[in-house]
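Heads up: the structure comes next, in structure tokens.
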Amino acid sequence: MTSGIYYKGLQCWIPDEQSQWIPGSIKDCRVEGEKAFLTVQDENENETVITVKPDDLNYEGRNGLPFLRSINSDADDLTDLSYLNEPSVLDALSTRYNQLQIYTYSGIVLIAVNPFQRLPNLYTHEIVRAYSEKSRDELDPHLYAIAEDSYKCMNQEHKNQTIIISGESGAGKTVSARYIMRYFASVQALIQSTDSNFHEAPQLTAVENEILATNPIMEAFGNSKTSRNDNSSRFGKYIQILFDGNATIIGAKIQTYLLERSRLVFQPNQERNYHIFYQILAGSSSEQLEKWKLVENSQEFNYLKQGNCSTIEGVNDKEEFKATVDALKTVGIDNDTCECIFSLLAALLHIGNIEVKHSRNDAYIDSKNENLINATSLLGVDPSSLVKWLTKRKIKMASEGILKPLNEFQAVVARDSVAKFLYASLFDWLVATINKALMYSADKSNQTAKSFIGVLDIYGFEHFKKNSFEQFCINYANEKLQQEFYRHVFKLEQEEYAAEGLNWSYIDYQDNQQCISMIESRLGILSLLDEECRMPTNSDENWVSKLNDAFSKPEFKNSYQKSRFGNKEFTIKHYALDVVYCAEGFIDKNRDTISDELLELFTNSDVPFVKDLVLFRLEQTAPPADTKKIKTKPKSNTLGSMFKSSLVSLMSTINETNAHYIRCIKPNEEKEAWKFDNQMVVSQLRACGVLETIKISCAGFPSRWTFDEFVSRYYMLVPSAVRTTESLTFSKAILEKHADPTKYQIGKTKIFFRSGVTPLLESARDKALKHAAHLLYEAFAVNYYRTRFLLSRKRVRSFQAVAHGFLSRRHTEYELLSSNIIKLQSLWRTALKRKEFIQTKNSILKVQSIIRGFLLRQTLEEKTKHDATLIIQSLWLTFKAHKHYKELQYYAVRIQSLWRMKLAKRQLTELKIESTKASHLKQVSYRLESRLFEISKQLDNSEQENNKFRERIAELESHLSNYAEAKLAQERELEQTRVLISDQSQDGELKELLEEKENALIMMEEEMRQVNDANTELLRVNATLKSQLKNYDMIIVEQTSQLKEKNRIIASLTKATKILNSASSIEQSRNSEEKSRRDSSLMEMRTQKEMLVLLMNDGLKHDLDKLTEYAGRTFTTLKTLLLKDNDVEAQKLDHLFLAKLLFIIISQMWKSNLCQESVALVERYCVHTLEYVFQKTSSANERPDIGFWVANTHALLAFVYTKQQAFKHSSAFTLLSTESHESVQTIFEMIESHLSKIFFEWVRQVNNFLKPLIVQAMIITGTNTDAGDENRKLRIKFFEKPKYKITDVIHVLNKVHDSCQAYKVNYEIYNALIRSIYRFINVEAFNSLFIDERGSWKRGTNISYNYHVLKDWCLESGVPEAYLQLEELLQTSKILQFVKDDPNYVARVRDFYALNFLQIKTLLHRYDYADYEAHVPKKTMSELSKNIVAEGINQREQLTYEVLDYRLQDSFEESPSLEKIKIPDDCNVTYLRRIIDLASAEESVEQALITVGNVADNDVQNSSDEENQVPNGIKV
């Protein structure tokens, strides 16, 4: 039998000496009569039996019962723990700390556990943006959440705020305060620059920089290294950040409390003096050190070497000194004043080195001591006077004064008092100067502070082996703050109970008012201390004796305890623990002053800074009534009384503000990163009051649930018939059945439970779930086994049917096989017999054929022999007849040859006689050769001229048609010009232009007539030449037969003559073309003159502006036409006409040497385009399609690049000036930069449009609209479905794709655009999982589904590499879908290269588990944390976004053709039209000249080829 809240299997905590608490479980719980036995088993399987009364089982932790373990051990808020007890709180903090989560809420308190490692990624400006304008519960616990909460409360409630940061030394208070101040400064800059990029740090104002500059100053002069902390604040400070009515920072004010002055003259082992001294020695120049008589080695100074620690690991004192000097300048302290400050600090180091000797019983200081001289020279005082008043004291007796020598100890105390006095004065002066600078900023801006947010960075509770006056004051301040904290928590509890309408009674809690009254009352400890200080013969022992007499009464037994051994110690029972104080030095530290003589000495210092510093100190410490009496020392306040009054003022300020609490925890004494010491943390939780706060909460209603949360957790405790969608009714039904009405109360929005109710509900929930699981198992088992039976029966029957069929088929097959075998046997026998018959028959036939063949061959052989005999006989007879014929033929030929020889000899004799006639034959030969040469030359010339005339005729006919069209265009333009002149009444310059145009027309007509005449003449000459050619051919044929013997020589001479005649023909052709070129040059000069006038006219600029505006109005229509494939309209509106026209104008300017004007023109185009693009984006209905401007700008860039390359490879480029070269390059760079700006604006607009869609479309929705939310509320309520889906994102991407297709945007730009958009989707969706949303298994499937949708779109749209930008999302989806309790989980996630371990751990930490899911084991989280530390803790959680740039290829498009450019008809741009027409005409003329030049070049080339064809062996 079980009873109460304890039952078998319940998780609990078991006390342990080393770890405080270890996890365990209840093995058995039984009640036997008047006793209850609880068997508890720890994690090592050690069992313990606890015997209690049965009634004790209803109360957690009573009479040795174990505390219960919470289900959610890593809750963000400790008050959300299922069981609010000390071990659960400790376990929650330890679990989060091991998961690298250093911040945890505990109700209104933020607990910050020091990681002892820099975490810069936790405080970036992206994190500032994330927490800005968010409520505290929306995001993970953070310093910025507390800061934002205070900022929001100040704006909404119009009430001043205070953030109280407390904790012991080394807990991280200073760093926390620093980051809070940085947050306020950064969030102000963020609000004032809402359009800044998400990943760019906001720009701070001068006031905000000054406020942030106070941190390095105060840390340098007020912080030091201690055994517990490398940067321990040795003073308390309260910084008020002032805001005006618009919640804008206008200034600040700093208040300090109790500077530890004794640290200046003494430091314990391994501790340092204040940072500023080490910074001066490390950061000052050699000249400065020489000036101040210092050396770099700090061990040379008595005030710096006592702690045997001169450096801090990881801290560069030289760099810190530079930062301190810069901060001093930021707050308005000039270089001269800085020199004075450092000179004073150097003097203090020299004072510490002044050696005090003893002479008998008196102290002695050598007046020639080097350190004394250095100190007095820097302080501007007389060395002998300083020595006098350090070794003697003046005792006033009535009207006289007596000088009393001091002993060595007293002189050292006097020396150290001077140093402490001067340093404390300097510190207070710095604070006042900083306040004056910060308030000056507010006065200068003529603004009044309406509210403030105070940041209190004050020392935490301290307890050392030896506790002195400083620890007493610090603990006194913590008593006051703790009391205020208790009241604040109690007040919030009361306010919440009242707001919810609960019936509640007074909650009893520990009040430390008695301890505070004992310290600060009229007859309290501080008053008795001040009284003892005023006594002539005072001592610490006398003071302790008075304390014992006053507080040894019974009413102070809970606050005070006297020492058992003498009057040197006393004990105060503080709220945290009892502290034993050593009374030695209390009186001297409380007085904290120097003699009047020393004050007068420094008041009369020769150094103005030292003098002003002492006077400032006297004014600050003197009572108000005596402030004017400076030369005589007034009755000054003691340090204890001043601290008490400042503390009372501080508490009054805090009471008037809304307080926010941050408790800093030091996790271990060794300052080792990520080490959690349970015992040390528990002691601090007790000291800072967190556990006491939990006790206060437990005394009332420690557990509270909203209706929806309660129903979603415990809906299974009532039958389904009782369930309703109204959560309040549903909650009441659950409570009536399972809870005692006295143990809970129902408020307006929440249900409040007393201690012990939650375990009962959890027990009932476990039972209900087990019962439901049992029912489900029964139903599943019945269904499972019935299904198995039916399936088995079906399979048996199927097997039987198969077996029957198999046997039947087998019998049938046997019968068929037997029948077939018989048939086969008969067929086989038949085949054998047939085979034997065929073989016999074939043998007989073969024998017969052999015999017949033998007989036939024998007959054939006899016939062959007979025929051969006849052939041999005929061949022999033939041979004999042929031989006789050859003999007769030989003799006949011989006779003929002899006769011919005789005739030849006779003819030779005749030729010798005629040899005298040779000269005559040569002359005839020469005339024939000359005639042949002339005929050959005329033939070649005729052929060449004929070819040239044919080409010229074709060319002139083409030009004739072009000139006709040009004439019509000129006449229309001339008519327009006349109308323009008549309408605008222009001056004589336009008339002259008109006359020139008319003359040009007349010249063109004259040239056309000449061309026609030339054409007729050419036709006539061609006919004549053809007839002559025929005659020449006949002559050549006749004379060729007469000159065959000398053909080789004649051919060579003819070739040489042809080469000379060809050169003469080319010269004549060039002379004929010269006149045509002169005429063309004249016309070109007139065209250039008119072009120059138009390019210099301002009307061109206005035309370009009109054209830009026209493009802006009509490009969306163009895209619509292009998408509809309307070819006719699309051809009318060329989407690149703007770029082409602008390039033509730029080209004409370059030709006219107007390079600077072209730069101005391009700049004008860029400015107007950007104005249009940026201004029009404010209207959603008229959103510009930037694809048009991107396409035109890229086309213009391509045209300019092509022209630039053409210039570089032409001779004209070398003729341009250096300024022209620079102008061309400037235009290219300007257009390239302009293209980049438009591209980035395009990306920005698309991203802004997608931003509100991404989270819902990528994470919350997936395969169905309800897919994203794992919240169990969906089981009982219907919420509004997500607004956006992935189809909405695809719709935006389709628009971008259509725009790029419509305007034919360059592929590289299109690729970069899509990749940038995908990168933005990836970054926004991924970062939302670390800020606003939580991951879950279902959301992992949603992300995976949406990823593949976007991937498919990429593949379809021609950018297959864009989906690689979503790699982080893809791997995130896999992590969310992995089984969380997999023992190899860490090994599996190592393959995710796109994510670091910090991101993986954060995803798991923020994972929203469903009821059926197993949680990630602590071992896995610890292993992930170890990997994070091993790889470096400074990993980034969130991704940063950058627009991906495009990579333009070097191969651009070629320059546009003028024939393809058409200005829209409805665009009134007169000047621009005329420029295009002139450029078109110029291009036509240039093309014609190029054609004529090519013809002449071809002629020269042909002649050259003929020269090279001279036969071998002939010399020309």
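Positions of Cβ are set from backbone N, Cα and C atoms, glycine also.
Per Swiss-Prot, the features are:
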type: BINDING; residues: G167, E168, S169, G170, A171, G172, K173, T174; note: ATP binding site
type: COILED; residues: 926-1034; note: coiled coil
type: DOMAIN; residues: 7-62; note: domain 'Myosin N-terminal SH3-like'
type: DOMAIN; residues: 73-766; note: domain 'Myosin motor'
type: DOMAIN; residues: 793-813; note: domain 'IQ 1'
type: DOMAIN; residues: 818-838; note: domain 'IQ 2'
type: DOMAIN; residues: 840-865; note: domain 'IQ 3'
type: DOMAIN; residues: 866-886; note: domain 'IQ 4'
type: DOMAIN; residues: 888-917; note: domain 'IQ 5'
type: DOMAIN; residues: 1163-1431; note: domain 'Dilute'
type: MOD_RES; residues: S1065; note: phosphoserine
type: MOD_RES; residues: S1072; note: phosphoserine
type: REGION; residues: 647-669; note: region 'Actin-binding'
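Features per Swiss-Prot, on structure.
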| residue | record | contacts (Cβ under 8 Å, 6+ apart) |
| --- | --- | --- |
| G167 | ATP binding site | A112, K173, G460, R663, C664, I665, K666, Q684, C688 |
| E168 | ATP binding site | R228, Y459, G460, F461, E462, C664, K666, Q684, A687 |
| S169 | ATP binding site | T226, R228, N229, S232, Y459, G460, E462, K666 |
| G170 | ATP binding site | N114, T226, R228, N229, S232, K666, K671 |
| A171 | ATP binding site | A112, N114, N229, G460, C664, I665, K666, Q684 |
| G172 | ATP binding site | A112, N114, C664, K666 |
| T174 | ATP binding site | E219, N223, N231, S232, S233, D457 |
Proximity verdict for the domain 'Myosin motor' (73-766) and the domain 'IQ 2' (818-838), three or more C-beta pairs under 8 Å: no
For K173 (ATP binding site), the number of other Cβ atoms found within 10 Å of its own Cβ: 27
Within the domain 'Myosin N-terminal SH3-like' (7-62), residues counted as helix, strand or coil by DSSP: 6 helix, 33 strand, 17 coil
Listed in sequence order, residues not in G167, E168, S169, G170, A171, G172, K173, T174 with Cβ within 8 Å of the centre of the ATP site Cβ atoms: N114, N229, S232, G460, C664, K666
Residue distribution over DSSP helix, strand and coil in the domain 'IQ 5' (888-917): 30 helix, 0 strand, 0 coil
Per-residue pLDDT averaged over the domain 'IQ 4' (866-886), given as an integer: 82
DSSP-derived structure type at K173 (ATP binding site), helix or strand or else coil: helix
For the domain 'IQ 4' (866-886), the number of residues DSSP places in helix, strand and coil: 21 helix, 0 strand, 0 coil
